[in-house]
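Colleague: Structure incoming, see below.
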Amino acid sequence: ISFLPEELFPICGLLFFLFPALRIRIAEGGRERERRLMSLGDDKPVGDGTGNGKGISMLLGLGRKGKYGRIDADLSDDGPRRGIESKRYIFACAIFASLNSVLLGYDVGVMSGCIIFIQKDLHITEVQQEVLVGCLSILSLVGSLAAGRTSDAIGRKWTIGLAAIIFQTGAAIMAFAPSFQVLILGRLLAGVGIGFGVMIAPVYIAEISPTVSRGSFTSFPEIFINLGILLGYISNYVFSGLSEHISWRIMLGIGILPSVFIGFALFVIPESPRWLVMQNRVEEARSVLMRINENDKEVEDRLREIEEAAGVVKGEKYVEKAVWLEFLRPSPTLHRMLITGIGIQCFQQITGIDATVYYSPTILKNAGIESDSKLLAATVAVGMTKTAFILVAILLIDRVGRKPLLYVSTIGMTVCLFCLGLSLSLLGNDLVSPRVGILGAILAVCGNVAFFSVGIGPICWVLSSEIFPQRLRAQAVALGTVGNRLSSGLIAMSFLSMCRAITVAGTFFIFSAISAMSVIFINMHVPETKGKSLEQIEMLLDTGREWQQIEVELGDAEHLVQKD
């Protein structure tokens, strides 16, 4: 696959990670470098520049010794050539850091089916169903708020581990809950753990990723959320044949498994170099940068940028300021950042995506599907659509840019939400046949989640982790995540009541109108951050305008040359 664009490598790597049988061996350097070597009369495999036959390496083979050199580099140069190895390492770190996001996705997906069996087993009311579904999102805002301060104190890496421990405790309590009250207690703990996880993952990944592929890597948490949702739907379908008392407990208990792998991840991933610099641990930061950058010059350039952004120059330690005071009395620049960061987080949820996912069986039942097994099978199709289209976002986000994908996403969601409301409205008035109405509703739901996954789903987290300055990033992203989780909780806890008051169709007409408002927000407040370093984005927002620039891609698409 060496002829493929480099933006496809994360997708191929994710497939190989999920399906080991698909792993293949690839030639490093690609066909162009091989042709050049052949023209020089060297018929040996491409490797470390000496023809030693180490040119073939597993894409995910961490720790292999294959080397990578630029196409235009001097073949006799013995300097550091760590391109392929650094990409593998960053890819592995992004996967491990995103595992907490599987927990959120799994809970969202599995609860849509669990609630059917919990209602039958524990005989809970409709209001209790809303509280059970929505309280996790509300409590996750507590975890998100605490995660910002915690990650600044103990580091990004160990905050990821703490999130997994808290969630495991909550999931175990839920699986063995004898009553609704104990079940709620487990949900509260799981919510706090998820709040920690969803806040810290994009921050950590953005801080270790290279500029040219930061968008793709920072989208990984959203990929794993979608993967978790799909696994939750599949779990619902697989275990739906068990007794009402056992089925939902197994569905919830399986959610513990992903967090077990996070314990192993802590021994693989490094600490964020930006956090290390803020702690005046510059040599440790340099060591990490050596593993995630191609050569020594890049390491020193990146380290100098980070030191300047953090205010750590010539060994002077970063002095922490009252961050929350700055949020309460923000400068015009920070005010602009907060509007963008919190606004995009809230719009991601108030367009009703969690209601669509949590209550997809209810929506489809309202459309005319009666059988529980058919309802759960239809939700699997929704989950597969949502997961598949996130791969499109990964391919395009660093090529097309953030804003074009956001426009496509929000406009498409607006149309699909309107069509869903229209389909349900026509069904309710017997203006179309049940078969046509059911098909229209399923297509509209799948279209809505597809457009969500292409744009605002992953890009919300990418932008939030990019636009804030280094010393404020963790707690600012935490504040945005609070808006996200609060919006999600309010929608989830009020959806059934809204449907009862204004019908399901009327509810989705409202979501469609809100989605249309998000298009206007993106046009007015969201900057394009493609191809800019985190420090350059800070400068962009500081000036309040995008500077004129010409981006010249080098032969290996790894660097962008900025010209005024």
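Placed from the backbone N, Cα and C atoms, the Cβ positions cover glycine too.
If you look up TrEMBL, you'll see 89-119, 131-148, 160-178, 184-205, 217-234, 246-269, 375-397, 404-426, 438-464, 502-522 marked as transmembrane segment. The domain 'Major facilitator superfamily (MFS) profile' annotation in TrEMBL covers 93-530.
Describe each of these features in terms of where it is and what it packs against.
Modeller: Same-chain residues lying 6 or more positions outside the transmembrane segment (131-148) and placing a CB less than 8 Å from one of its CB atoms are 104, 107, 111, 115, 118, 124, 159, 163, 166, 180, 183-184, 187-188, 190-200, 354, 358-359, 474-479, 481-482, 484-486, 488-494.
Here the transmembrane segment (217-234) has long-range neighbours at 10, 14, 90-91, 94-95, 97-113, 198, 201-202, 205-206, 209, 251, 258, 357, 376, 379-380, 382-384, 386-387, 390-391, 393-394, 397, 453, 457-462, 465-466, meaning same-chain residues at least 6 beyond its ends whose C-beta is under 8 angstroms from one of its own.
Beyond the ends of the transmembrane segment (246-269), by six or more residues, the same chain brings 92-93, 96-97, 99-100, 102-103, 106-107, 110, 113-114, 117-118, 121, 157-158, 160-161, 163-165, 167-168, 171-172, 174-177, 190, 228, 232, 235-236, 239-240 to within a C-beta distance below 8 angstroms of the stretch.
Residues 7-8, 10-11, 14, 109, 112-113, 215-216, 219, 222-223, 226-227, 229-230, 232-234, 236-237, 240, 356-357, 360-361, 364-365, 369, 405, 442, 445-446, 449-455, 457-459, 462, 530 of the same chain sit 6 or more residues outside the transmembrane segment (375-397) yet have a Cβ under 8 Å from a Cβ within it.
Beyond the ends of the transmembrane segment (438-464), by six or more residues, the same chain brings 201-202, 206, 214-215, 218-219, 221-223, 225-226, 340-341, 344-345, 347-348, 351, 353, 356-357, 360, 363-364, 367-369, 378, 381-382, 385-390, 392-394, 396-397, 402, 405-410, 412-413, 415-417, 419-420, 422-424, 427, 432, 477, 480-481, 484, 518, 526, 529 to within a C-beta distance below 8 angstroms of the stretch.
Sequence-distant contacts of the transmembrane segment (502-522) (same chain, six or more residues past either end, CB-CB distance under 8 Å): 343-344, 347, 350-352, 355, 362-363, 366, 403, 406-407, 410-411, 413-415, 417-418, 420-425, 428, 456, 495.
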Colleague: Where does the mean pLDDT land for the domain 'Major facilitator superfamily (MFS) profile' (93-530)?
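Modeller: Across the residues of the domain 'Major facilitator superfamily (MFS) profile' (93-530) the model's pLDDT averages 84 on the 0 to 100 scale.
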